[in-house]
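See below for the structure under consideration.
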Amino acid sequence: MSRKQLALFEPTLVVQALKEAVKKLNPQAQWRNPVMFIVWIGSLLTTCISIAMASGAMPGNALFSAAISGWLWITVLFANFAEALAEGRSKAQANSLKGVKKTAFARKLREPKYGAAADKVPADQLRKGDIVLVEAGDIIPCDGEVIEGGASVDESAITGESAPVIRESGGDFASVTGGTRILSDWLVIECSVNPGETFLDRMIAMVEGAQRRKTPNEIALTILLIALTIVFLLATATLWPFSAWGGNAVSVTVLVALLVCLIPTTIGGLLSAIGVAGMSRMLGANVIATSGRAVEAAGDVDVLLLDKTGTITLGNRQASEFIPAQGVDEKTLADAAQLASLADETPEGRSIVILAKQRFNLRERDVQSLHATFVPFTAQSRMSGINIDNRMIRKGSVDAIRRHVEANGGHFPTDVDQKVDQVARQGATPLVVVEGSRVLGVIALKDIVKGGIKERFAQLRKMGIKTVMITGDNRLTAAAIAAEAGVDDFLAEATPEAKLALIRQYQAEGRLVAMTGDGTNDAPALAQADVAVAMNSGTQAAKEAGNMVDLDSNPTKLIEVVHIGKQMLMTRGSLTTFSIANDVAKYFAIIPAAFAATYPQLNALNIMCLHSPDSAILSAVIFNALIIVFLIPLALKGVSYKPLTASAMLRRNLWIYGLGGLLVPFIGIKVIDLLLTVCGLV
C-alpha cells in the first residue's frame, strides 16, 4: 500500500514551481539544457532588438518583435516550470519522509542482553555497534538487526502500509528501520549504521535527487537533440543571405522565431521532467531508486531472476511430514529433526519443532541446558544442526547431506533417494536428516504457488522478458514448481556463486538482468545485476548492494518496477516522436510566411491559409510555447502502457504520437491564427 499520492497540479507545488521557474532563468541553470539555452539566447536577442526598435535605434515593427520576444521567454519559463514541478513533487515526497524523523532518546544497553543496565542517550548520538532496547510505544532510534526478542512493528511511516509487521531475532525478519514504532513486546537491537547514514537519511537524499545525473539514454538523446539544433542553426543562418540577395532581407526576429520553432524544444523542455517523474513514480510504488540510471535500466530489462520463496510461492514453507528411512522409527527421526532445529529461528526450523511436538509430544528443549553446540546454516554448507554429547545431527538439502555422509565414510540409502524424489515430484521441498553418517529420513516442507502469478509471467513473456526462478530446492522440486508457475527457466540448488555466474552468463549474451534479494548472501548477485531490488526487511548488506529498495518488501514488485521503467522509456520516446513530427507542421507555417515576399512561389506551401506573415510566425511561436504546458501531465504521469512486443509498441506509438505530432500543430496554429486575426492583434 502506497502513501497518499500528490495531485498532479497541487496548488502549493504549482506556486513553488512558478517561483523556481523564474529562478532557473539564470544562464548557469539554462546551460544544462543546450536546446533550451538556444531559446534563452534567442529570447535575450529579440528583447534587445525590441528595445532598440522601440527607441528608434533600429527600423522595424517593435510591437511584433516584442510579442515574439515575450512568447520566447514564456517558452523558456514553461520548460523551467515542467522541470521545477517534477522536482517539487519529489521534494514534497522527501519532506513527508523528513516528518518521520523525530528527535528522540534511546535506551542504550551496557550489555547486549535484555534486562541489562541502560543509559538514556539522544538517538542521534548512537553509533554502529551500539545496543538499544525498545519497548511497546517506542520509536526505533536507528537502523539495525534484532538480536533478541520479537515484536509487532508499525512501519507505515516508511512504507505507507497500515498493517503491522513482525520483527524478531534470527531468520529473514530481523532487520528494523529507524523511525518505525514498536506496537507490542520488546526488541534488543544492534545499530548497523552511524548518524546520517540511516536508511531514512539515504531515502531522503535519494528522493530529493539534488545530484540527479543524466542516464545513458538521456545523454544519447540530448546529443541527438544538440545535433538537430546545430543543423537547424546552420540552416537558419544561411537563409539570411539568400533573402538579402533576393532583395528583401528577413529580420533577425523572424529568423530567431524560425529557429526556435524548428529545433526540438518540446522534448528539450520536458526531458528533465520525464527523468525526475520516473523516479517519482517509482517512489509512488513504494520503491526507492538510487538513480535515474536504475529506473532506465528497468525499462530495458529482458531477464528477470525471481526467488521462488515469497515471489512465486507464498513463502511460508511449513514442515508437513516426517518420512523415515528404512529401519528408522518415525519418532526417532522427529526427535533428531527437532534437536537439529532447536536454535534454528527460521520459520521452517520452528515449524519442524512444532510438528514434532504435535505428532509425538516432544517438548522443546533448551540448547544451553543441553550443553550443545548449534551449527548455523550457511549458503556454502546448506546445512544446519547440533552437536550434543557424542551425537552430530545435521539437516539440509539432499546434495549437502549426501556429501556430508560420504565425507564421514557413510552411504546414502537408495530408499531415501526414492523418498526424496517422491516429495520433490509433489512440489514440496525435501530436507534430509542425518546423525553421524546414518541417514534417518526426510522432512517434507510444503509451499503454495501464488494465485495469478502464471498469468503475470505470460504477460512478461509477451513483452519479450524471460523469467528464471531461483531456488535452493533440488531439480525435481524446482521443475515441478516451475511448471506450475509457468516460468521460462529455473536454477535449482542455487548458491550465491551460482546466481552470480548465471547473471554474468546472461550479461555476456548482451542481456540486462533484474533480480531481488534480501540476504547478505544475495549481495554479490545484487551488486552484479543491472537492476537490483533489495527488500526493506532485508539485511544492510543487501540494501547497500542493490540500486533500488522496495519499502513493502514484496519480491513480486520487481514486475511493477520493470513496468515503470518501460513506461518512462516509452514516455521519452513518444514525446521525442511527437516533438520532431511537430517541426514538420511548423515548417509549413513559418517558411512561406518568412520568405513569400522574397520568393512568391513559396505561397504554394501555405496550405493552412494563414492570415498574414506576421500572424503565421506569431501563431507558430505561441503554439510552440503552449504545447509544452499541455504535455506536462503526460510527462509526469507517463504514457499509457500495455504489455506488447517491441514492434507492436513502436507501431502504436508512431500512429498515436507520430501522426498526432503532425496533425495537432496544423490544427493548433490555425486556431491561434484565427484568434489573433479576430481579436485584431496582427
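Note: Cβ is positioned from N, Cα and C throughout, glycine not excepted.
Going by Swiss-Prot, these are the annotated features:
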ACT_SITE  Asp307  active site, 4-aspartylphosphate intermediate
BINDING   Asp344, Glu348, Phe377, Thr378, Ala379, Gln380, Ser381, Arg382, Met383, Ser384, Lys395  ATP binding site
BINDING   Asp518, Asp522  Mg(2+) binding site
MOD_RES   Ser162  phosphoserine
TOPO_DOM  1-33  topological domain 'Cytoplasmic'
TOPO_DOM  56-61  topological domain 'Periplasmic'
TOPO_DOM  81-222  topological domain 'Cytoplasmic'
TOPO_DOM  243-251  topological domain 'Periplasmic'
TOPO_DOM  264-574  topological domain 'Cytoplasmic'
TOPO_DOM  596-612  topological domain 'Periplasmic'
TOPO_DOM  632-653  topological domain 'Cytoplasmic'
TOPO_DOM  679-682  topological domain 'Periplasmic'
TRANSMEM  34-55  transmembrane segment
TRANSMEM  62-80  transmembrane segment
TRANSMEM  223-242  transmembrane segment
TRANSMEM  252-263  transmembrane segment
TRANSMEM  575-595  transmembrane segment
TRANSMEM  613-631  transmembrane segment
TRANSMEM  654-678  transmembrane segment
Beyond the flanks of the transmembrane segment (613-631) by at least 6 residues, Cβ under 8 Å: 61, 64, 67-68, 71-72, 74-75, 78-79, 81-82, 254, 257-258, 260-261, 265-266, 269-270, 575, 578, 582, 586, 589-590, 592-594, 596-597, 606, 664-665, 668-670, 672-673, 676-677, 682
Secondary structure at Asp522 (Mg(2+) binding site), reduced by DSSP to three states: helix
Annotated stretches the transmembrane segment (252-263) and the transmembrane segment (34-55) touching (3 or more Cβ pairs under 8 Å): yes
Residue among the recorded positions Asp307, Asp344, Asp518, Asp522 whose Cβ has the most other Cβ atoms within 10 Å: Asp522
Best-contacting stretch, by C-beta pairs under 8 Å, relative to the transmembrane segment (223-242) and drawn from 34-55, 575-595, 654-678: 34-55
Positions whose Cβ lies under 8 angstroms from the transmembrane segment (654-678), at least six residues beyond its ends: 574-575, 577-582, 584-586, 588-589, 608, 610-611, 615-616, 618-620, 622-623, 626-627
Site with most surrounding Cβ atoms, counting all protein chains shown within 10 Å, from the binding-site residues Phe377, Met383, Lys395: Lys395
Around the Cβ of Ser381 (ATP binding site), the count of other Cβ atoms that are within 10 Å: 16
Residue among recorded positions Asp307, Asp344, Met383, Lys395 with Cα closest to the Cα of Asp518 (Mg(2+) binding site): Asp307
Rounded distance in angstrom between the Cα atoms of Asp344 (ATP binding site) and Asp522 (Mg(2+) binding site): 20
Spatially closest candidate among Asp307, Ser381, Lys395, the listed recorded positions, to Asp522 (Mg(2+) binding site) (Cα to Cα): Asp307
